[in-house]
Amino acid sequence: MTTITSLAPRTRRNTELVLLAFAIGIVLLAYANVGMAVQDRVPADLGTLGIGIGVIAMVFHLVLRWRASYADPLLLPIATLLNGLGLVMIHRIDLANDKTIGEGAALKQLMWSGLAACAAMVLLVLIKDHRRLSRYTFTLALAGLGLLLLPLFPVIGKNINGSRIWIGFGPFSLQPGEIAKILLTIFFAAYLVQTRDALSLIGRRFLGFPLPRARDLGPIMIAWLASLAVLVFQKDLGSSLLFFGLFVAMLYVATERRAWIAIGLSLFAVGTFVAWKLFAHLQERVTLWLDPFASGQSDQLAKGLMGMASGSMFGTGLGQGRPEETYFANSDFIIASFGEELGLIGLMAILLLYALMVERGLRTGVGARDGFGKLLATGLAFSLALQVFVVVGGVTRVIPLTGLTTPFMSAGGSSLLANWVIVALLLRISDQARRPVVEDGGGGRNIGQDETQVVKIK
Amino acid sequence: MNSPIRRIGIVAAAMFCALLMSSTLIQFVQAKELQDRPGNRRTLLASYSKERGSILVGGTAVARSDEVDDNFKWQRKYPQPQLYAPVTGYYSFTYGAGRGVEGSYDDLLSGSSDRLFYRRMVDVITGKPPQGATLELTIDPKVQKAAWDALGNQRGAIVALDPKTGAILAMVSKPTYDPNVLAGHDLPGVSKAWTKLSTDKSRPLTNRAIGGDLYPPGSTFKLITTAAALESGQYTPESVLPGPAALDLPQTTVDLPNVDGRPCGPNDKTTMAHALQISCNSAYGSLGMSLGQTKIRDQAHKFGYGQAVTVPMRVTPSIFPTNLNQPQLAQSAIGQFDVRATPMQVAMVSASIANGGREMTPYLVKNVRDKDLDVIDSTDPEEFAKPISKDTAGQINTMMQAVVEAGSGRKAKIPGMKVAGKTGTAQSAKGALSDVWFTGFAPADNPRVAVAVVVEDGGTMADEASGGVVAAPIARKVMEAVVSQ
């Protein structure tokens with residue numbers, strides 16, 4: 001087990017400040033670039049926009065200094081950069097479709113970005129210790145499941161683009177599944193920390209295979225059924241894949257037993273096979289995955305691929321491609337839009353930003369001192385990785401296209417809100433993980449305390 | 001719990017590696033293949049959103065690209081669409097570039113030609129989109145307009161050549177079309193227009209001057225029979241030929257009658273010169289049979305029959321049939337039976353007679369200029385063939401002058417100038433209306449223009465028509481447009 005003292009006790013807040021300035025600089029440069037390419041002028045609102053983003057980022061930074069001074073210094077700059085680049089691309093696609101600021105998706109996205117960042121700050125201020133979250137295990141579970149199934153109810157549930165994953169009030173529509181994902185991750189983490197011993201130690205061996213007790217197997221079956229329900233009733237492949245993968249990974253981390261992976265994957269295989277047999281829309285996805293250019297089929301994936309191909313190595317340059325030729329260019333396919341205009345190089349940079357964010361999240365998990373924190377950080381980080389994999393993998397034909405939002409980038413308020421909340425939670429856990437056990441100058445170092453912290457169960 | 005977290009990290013790393021590999025596969029390995037896929041709208045749009053070069057006639061653009069504020073960025077415009085459609089062709093997003101220099105010079109006009117590569121080096125480095133080359137055509141706008149007006153509402157075609165160089169001075173085909181409707185950016189509208197044009201029974205998309213269905217050349221073919229006779233050394237213009245009112249064709253019960261049903265001279269005899277002058281069928285039918293098909297076919301081939309010519313559009317090769325029996329040969333010698341020719345080929349025959357037996361390759365593009373209007377390439381006149389000797393050419397020239405002076409082509413006369421010509425009235429099928437012809441050149445002593453005119457189905461004169469009545473006056477107006485300058 002890694003010892004806590006191996007982590008650097010420095011706050012690294014200044015590093016964060018420099019990186020933040022860098023991130024904002026890149027975003028503004030990209031915004032100016034789009035203006036120059038599409039409208040032949042530097043956008044008039046470059047200054048005001050810059051000040052706006054700068055203020056939000058700076059306040060966030062100050063909140064971290066105040067409330068989580070040891071938090072990971074990379075998370076906020078990466079989130080800011082990804083969010084900003086997403087905004088630029090959404091704005092650029094608005095311009096291509098001849099939409100003004102008011103009509104387009106960019107202004108909405110900007111407002112949601114601000115709102116989401118504020119929510120993240122409020123969370124950081126309100127929750128001083130992430131462990132408090134584990135007190136509400138079943139409340140969170142119920143809330144999560146409720147949110148997840150909310151779109152299935154009449155009146156508020158909405159069917160958009162073939163998936164019933166939206167709820168709407170008047171002009172607003174939300175994907176409650178995004179928030180449900182976080183609530184369920186917290187629930188998983190809390191529940192698994194409480195039951196990990198039972199899950200990993202108690203049970204009979206069946207054909208040489210350690211089989212958990214039925215009452216311990218309950219949650220995994222519930223997760224499996226819930227993800228199937230999402231798949232079946234909401235036609236949301238991406239989310240069900242995400243929930244299930246996330247739950248299996250967290251089970252594995254909590255129990256350290258590979259058997260869970262085997263059980264999880266076989267259940268998943270059975271579930272997808274049955275679903276594939278039963279549902280035409282799933283079969284279509286698979287056909288398209290194998291041959292995106294199949295005639296008589298949707299050319300959605302084909303258009304994205306052609307867009308990426310036209311970008312090639314170096315891209316057409318921001319504002320100089322035709323990302324609007326692809327459907328959902330600013331949401332599900334925003335990564336193809338980036339691939340087109342920034343080229344393979346730009347796409348790789350973006351993927352590496354995500355990878356870095358995931359890595360920082362997992363490192364937070366390794367460094368966290370409590371089981372709940374470890375599991376939660378790992379779950380949140382892995383859910384990010386899974387989500388990027390499912391959506392980008394769908395666009396680039398690693399797996400069949402299922403349709404999920406690209407974290408921080410896709411147009412859509414609920415997704416932004418959820419991802420900023422994830423960042424807030426990771427920041428909160430990382431603050432605890434990186435904080436020295438006893439701060440210097442706090443009346444001397446108590447060496448004996450180190451030993452009482454370490455609890456090892458295996 | 002740390003080691004499973006690390007393993008989860010490895011899984012996450014593997015997932016990101018998969019994404020990096022798949023995007024490399026798409027954007028690097030398969031990029032070219034995906035870009036070249038048929039129906040890739042981005043690639044299409046990219047090629048249509050470049051500034052395409054203009055096509056100039058006499059310093060004025062007959063095809064140019066205007067900047068517009070839509071997805072295509074540039075709109076192709078044809079300011080005098082109908083008049084120049086057979087020359088320019090069209091440039092359409094859906095149907096590509098075709099049927100004219102737009103199609104033949106596509107890579108230069110679009111700027112993608114390798115010949116522009118070194119000129120483009122700077123643009124490539126500075127990221128400027130390539131700009132197409134400008135083409136300057138040989139067409140003389142006055143001659144083109146004169147030919148267009150003279151043909152009026154009749155279906156047919158006119159070609160005017162500079163006999164000394166082969167430069168095409170006019171190329172008219174009617175009915176024609178408006179290439180603007182195909183170049184539009186309203187794609188459903190373009191597709192509708194295309195369907196309408198391509199199913200129109202009058203075939204407006206066909207450039208009748210160089211292709212499509214070939215015409216029976218009728219009596220204009222007698223020029224080639226004359227050339228074959230003179231070149232054989234066995235005949236002179238004064239050679240006496242049989243000229244009965246109707247030539248009895250061997251092995252058949254049919255005759256080859258003269259148009260007016262009268263003998264061509266006293267005692268049913270005539271000279272070759274006179275036979276050409278009055279377009280005597282019986283004399284030329286018998287001349288053909290005496291010469292034999294090989295001599296005539298060889299002569300026709302030397303003039304260009306059966307040969308591929310590009311001007312730069314492909315000219316459909318004219319046909320002189322093979323394996324003829326004697327009656328078929330007699331009919332072929334006067335341009336009937338299965339002989340078929342393009343107006344371009346007929347004009348080339350006249351032009352080579354006018355040019356003392358040197359036949360020049362016809363061409364339409366005078367020079368190619370880059371975006372700074374520097375000449376990149378210009379066409380040098382080229383000899384196509386030497387089908388007849390200078391003497392033969394001179395003799396036929398004199399004979400053709402008599403056609404206009406006192407024969408079937410009198411309506412082509414230009415006051416104060418010697419004009420050479422030959423009429424033709426060709427039946428394409430029994431009972432069908434005749435296609436009427438005139439070909440010739442002026443001034444006969446120093447030719448500046450050679451012309452071929454064909455009017456389908458007798459034009460407005462219908463069954464009253466003959467080459468001398470309908471086609472000759474049209475040819476005169478075209479020749480006047482050149483010589484009056």
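Glycine residues also receive a Cβ, built from the backbone N, Cα and C atoms like all the rest.
Residues or ranges marked as transmembrane segment by TrEMBL: A:17-34, A:46-64, A:71-90, A:110-127, A:136-156, A:176-193, A:214-231, A:237-254, A:259-279, A:333-354, A:375-396, A:408-427.
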Contact call for the transmembrane segment (A:110-127) against the transmembrane segment (A:176-193), three or more Cβ pairs under 8 Å: no
Long-range neighbours of the transmembrane segment (A:408-427), counting only residues six or more past its ends (CB under 8 A): 64, 68, 71-72, 75-76, 79, 82-83, 85-86, 89-90, 105, 108-109, 112-113, 115-117, 119-121, 123-124, 130, 174-176, 178-179, 181-182, 330-332, 334-335, 338, 350, 360-361, 364, 376-377, 380-381, 383-384, 391
Outside the transmembrane segment (A:333-354), six or more residues from its ends: residues with CB under 8 Å to it: 78, 81-82, 85-86, 89-90, 92-93, 300, 304-305, 307-308, 310-323, 326-327, 384-385, 388, 391-392, 395-396, 406-407, 409-411
Folded-back contacts onto the transmembrane segment (A:17-34), same chain, C-beta under 8 angstroms, at least six residues removed: 42-43, 46, 49-50, 53-54, 57-58, 61, 73-74, 76-78, 80-81, 84-85, 87-88, 91-92, 95, 317-319
Cβ contacts under 8 Å made by the transmembrane segment (A:214-231) with residues that lie 6+ beyond its boundaries: 145, 148-149, 177, 188, 191, 195, 198-199, 202-203, 237, 239-241, 243-244, 247-248, 251, 260, 263-264, 267-268, 271, 275
Beyond the flanks of the transmembrane segment (A:71-90) by 6 or more, those residues with Cβ under 8 Å of it: 12-13, 15-16, 19-20, 22-24, 26-27, 30-31, 34, 53, 57, 60-61, 64, 104-106, 109-110, 113, 318, 323, 330, 334, 337-338, 341, 350, 353-354, 356-357, 360-361, 363-364, 406-411, 416, 419-420, 423, 426-428, 430-431, 434
